[in-house]
């Protein structure tokens, strides 16, 4: 059917990617290498080894990528205060380029000429995997079974399993979730099921990482976050690695009902889709990062970052992490973070993330100037008149010429 | 001292602007017209009449501007999902252009050649008042006593009162607040006092419009907001005017601990300042507006709005409401709202504003395409391959030429 | 092969689209309606009728769209000073949405369910035609033979002609041009042939609309252009329709060697391509429009237009004329042009377009303020000090905190 | 009058700054250090020494800054294809931050606490000098005599000279030019005089650096420019320093009538002003840089640069070279230039700069893909269908819901 000899498959160990492994072997008559990553999704990845072996896979990669994920992907993104469409913290989007990178690295190590993934033809993830792969290995081939096969119903998949002796208990234990989910250290997402009606409220038992605000403790909890160059490096005085930071914030945030989101978003492939997300740590990080920037960044630097943020978010959402424009923009963002050092105190209470204080050696906040009290000549109020007069000049000239804004 | 004959003063009825009225009369030897507006600040404005009369003022204007304020200023601003520096809902900024407009209208009616206000020379408000005034009446003179006089301590002000028989109980009853405050239907703000230390947490008894999340009811409340062309026109099925909408949302939001904000912001005059804000209704409106837009706006229209929003916010923050660029941009924003119709269900609970549903006759959400179930051919998954391939083409060409994003 | 019953074909009367007409009839077994437009390409369109009849076409549309083209497409685009990638005046791009619109109108009139065009699968035009068509008639089918058939060499095409009795002299008389060309009232373009080497200079005999600067007259010529709301409405005092304006400027400009361009551009489909363009009238219009705007537009309005122009140009280049974001942005652009009235004097000389003067009743240029002579108090130079001081404040605070820009 | 002890004056050696030197000494009773720079203005700077001595100046700085000017200011700016308001190459603006930097360096060396300059209170230059100075030495004082004194007519200046024994032949020899001029290696500018009427064409004898296109040679001249990381490093195969490059291009360009510009621009201080500029080398550099970028830059990198260019130009025009936002943006621009290497061939003829070829080892132009001939499978035209279909999806959904772009 093609000249593909070996393919690296992003393999979760679940039923779908197990079927895919088998289907590719059969359909393309090529070898399959599986790659399973621990990105902090909260499930053991080691069991994927036995499952892959049971499918006859010879080359099996299982990697713990949690530190790399947070250090090289999540943290750089948060330096930009990135939000897509005013709400979404890009939890799924930001994991894809790392998976693409590892797929290609493994392809290079194993001499594979193709990669494969289990993303559908309707979503953003196929785009993110494949743009990344093409950018990193331009001649790579891509196998995307969901766009190619005809196993597009649960029944047909089950039939296929039976015919090919794929143990159905590869599937997650217990009742199949009615939602399509994705998880990593930054978030867990839910799509499908009753969420396909945007008027329907998400059911409480859908959420997995956080308690509801109602169920959260009646007592607030304070955290002190220490920033270095825009990244959190310690919490409550304790140094932590990037993955430790996010793991800890997820735990504490989730316990306080922080980080739930329910939105309708615009996919890159052109349709709107409803998604629910839990991002406890990310939600805290976004607020706190803005707080530390508020005292350490120059105004125009901050505004320029704000101007560009939607474009940067779009790049990540659409799958262009490995593009030259994203990399170029990152240089600018990172340059801005040299002075983003200091501490932020946040209060968590029943879904709220409240900024309780910020301080920094690099603070540009100057109480002696801003004060309502006597400023000892630090600021000459008379300067304001000229400032206003000249800023008004073009408006006055226009008004004199009869142009009225009313 | 100058050739000013008559000046219209933005007069609150408080001590400061009473002193200003007297000081101007004395210093400039000119007539003073007072203008007091009800913008929803929550205090009676009618008492300002007697106070002005006591000061010898002959022309006294007292206007209820609440509907105009929300209809022509607040609502248009919220159509753009406007936030300054990622956090601030511009509650003070948006009231200033309306006051400037009325000052000039009254100047035209009364034959005054100058306006005056009680804003200090360090803040943004002087800029907003004066840019507006100059844009609307280019030859107008401006008197800004705080930039001119030497009464820059509470003691000197008190002395001045005594010398000039200004009753000190013109001041607000009871203990003087340690904060500099401003209020209107959109928000109340606090600056100064202990807030001048950004590490200090605001004290609970500072807040006036909202209970703390802790003190809010244990039971959530749902609201159903009806949108027409981007504005809320009914709540829970009851038609309301713009000011009624905001009044109601403030009441309910405040009762549920919604809308407190504590930030350090960058003033147009060049310094950073700490401010605390309560914006219960506005906080609900922002989230809900994004929700109704999420199903009714085209993706690229929404993204273009997001790209431009920071600039639009900056215009308003900096005082350029009456500028041609703001007006030009508003045309585009308003044009985008033709289809922003429908309903949003929000849940309020202890400081949280949770989107519980959105629906619209103008919805672009198409479940038949987005579905994880069989879509009956509405979307051809094979199209995605070409979409990705061509979007990747430039990346592949670059990679082939040896450019590596790693 | 499909359920297409009737297709409207963009038919030039040339060999390629004649083959396409026949090929569609054969391949799809459906009726073909031809549509031929006079967009000012400089060739008779009426001969297309007999050719279509010879091919057995029954429904033949031949339209003179020159006025509509300039009035509703070219002029609105020039209001934005639109240039793609710093150089290209979008001569091809801007004609496509009009053709798409007419194809769909004719499809609606004739009950056709599909449209067809002769654009290749590598270029931008297919995108522009089809995005337009889908936006205007979402259920329309598209036939793009160059993406579908195997007649992808000149030889195969000729064979096909012979087999199907298509007279080869349908082709343009004389020697086949070595270039792929496209023309309309705004420009003529050249691609392919030796241009595929970006180091090779275009040959003089390629250019058709303009003389070389060397061959242009030794005497300069002045034109006086009258603007109304951003559009030229008269030249040298003579009122003209939009198409007359552009026709005249092309003639005079071309005679003076104006408007040649040789670039490498980035196509939407992901590749770079070399193109040469002659746009005599457009080149004059761009310079002159900037000149009239320079005295009639507010600074910030002009800057906002400049900020957005590249995005607007991209929309048109990529084929999104009929998108809601382009339409929304046009509203803003058009709003800015209310005051763009007056006269511009331009001097044409051997390829140069030199602005020799501009004047307007709506001018915001105020010599009494800008003058180096005594301005009689129109401007108080002392205001500049405060203006600078406050603009410098954030820089001074940062420097005091030890941040050095060096 | 103040506590200023020593001031560094930007001293041209001309009459105005000689008067200023004297006036400062008298008025402020402080020491004056003069600083005269060779920025390529085309006048000897050494004579300034004797003049300063004649004025009694003890510390005299005369620097040749031409290489630094082009290397660290002009070239970085051209990497961004910078143009202000669509036309102006920022020749004056870009020299100011270097002068500000030297003024401050000299102030630090000589223990001066103030700087002074001869720019008027109406222009941009005062802003550029002073913003730079404040950013580099926040406590510095600024003396701007034109904003302070009352010598604001030629007559009063002359009187002052007589009274203070300042030799009037300090003035340029011969007839005083009717224009206010400024020159450096990048350009010479003209303002004032008859130019204050925007309808009046500039007189031929005003221009000093270039012949008119009419007077230029009848024979074209070709140049081959070699780029390394976005900067020209050789011309016609001969390696040159930055200042040599610009000097050479000015000479050749000026001889061919290249680089004249006549515009009305918007000053930062709020007024419109008419200016004429000669920028022969810069005009060539801009076109050629775009040409080399056209084959070496990724599309989205190029577009991002284009999107941001107007903002970058505004920063430079307004005097924010030494701001953190400009420096941050420069990092991004410079990062984009790593691959901007290769050669551009330009043809100069009677005012025209014509791109005749571009080539690069880093070229992303791939003739094998773009070709109209058989591409041997490098590009699959069928991919275009999916690309278009998904890009059209949101438009089709909207159209189906009844939204019409017509």
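Note that Cβ sites are derived from N, Cα and C of the backbone, with glycine treated the same way.
Taken from TrEMBL, the feature ATP binding site applies to A:10, A:11, A:12, A:13, A:14, A:15, A:16, A:17, A:18, A:37, A:118. The L-citrulline binding site annotation in TrEMBL covers A:88, A:93, A:124, A:128, A:180, A:189, A:265, A:277. Annotated L-aspartate binding site per TrEMBL: A:120, A:124, A:125, in sequence order. As annotated by TrEMBL, domain 'Arginosuccinate synthase-like N-terminal' applies to A:6-167. TrEMBL lists A:179-397 with the feature domain 'Arginosuccinate synthase C-terminal'.
In the structure shown, the C-beta of A:120 has more C-beta neighbours within 10 angstroms than that of any other entry among the binding-site residues A:120, A:180. Confidence annotation: the domain 'Arginosuccinate synthase-like N-terminal' (A:6-167) carries a mean pLDDT of 96 in the model. The secondary structure of residue A:12 (ATP binding site), as reduced to three states from DSSP, is coil rather than helix or strand.
Reduced to three states, the DSSP call for residue A:18 (ATP binding site) is helix. Recorded residues residue A:128 (L-citrulline binding site) and residue A:120 (L-aspartate binding site) have their alpha carbons 12 Å apart, per Cα-Cα distance. Take the mean position of the Cβ atoms of A:120, A:124, A:125, the recorded L-aspartate site; other residues of that chain with a Cβ within 8 Å of it are A:119, A:122, A:123, A:126, A:127, A:128, A:267, A:269. Maximum intra-site Cα distance, ATP binding residues A:10, A:11, A:12, A:13, A:14, A:15, A:16, A:17, A:18, A:37, A:118: 16 Å. By a Cβ separation below 8 angstroms, chain B lies close to these of the binding-site residues A:14, A:18, A:88, A:120, A:180, A:265: A:120, A:180, A:265. When the neighbouring Cβ atoms lying within 10 Å are counted for each of the binding-site residues (A:14, A:118), the highest count belongs to A:118. Of all the binding-site residues in the list A:93, A:125, A:265, A:277, the shortest Cα-Cα distance to residue A:118 (ATP binding site) is found for A:125. In this structure the alpha carbons, written CA, of residue A:120 (L-aspartate binding site) and residue A:16 (ATP binding site) are 11 Å apart. The number of other CB atoms found within 10 A of the CB of residue A:88 (L-citrulline binding site), across every protein chain shown, is 21.
Calculated from their C-alpha atoms, the gap between residue A:124 (L-citrulline binding site) and residue A:12 (ATP binding site) amounts to 18 Å. A 10 Å cutoff on Cβ-Cβ distances gives residue A:189 (L-citrulline binding site) a total of 20 other Cβ atoms nearby, all chains included.
Contacting chain C by the Cβ rule (under 8 Å between Cβ atoms), the binding-site residues A:88, A:125, A:180 reduce to an empty set. According to DSSP, residue A:120 (L-aspartate binding site) is assigned to coil rather than to any helix or strand.
Residues A:88, A:93, A:124, A:128, A:180, A:189, A:265, A:277 are recorded as binding L-citrulline; their most distant pair of Cα atoms lies 19 Å apart. Nearest to residue A:93 (L-citrulline binding site) in space, judged by Cα atoms and limited to the binding-site residues A:12, A:14, A:16, A:18, A:125, is A:125.
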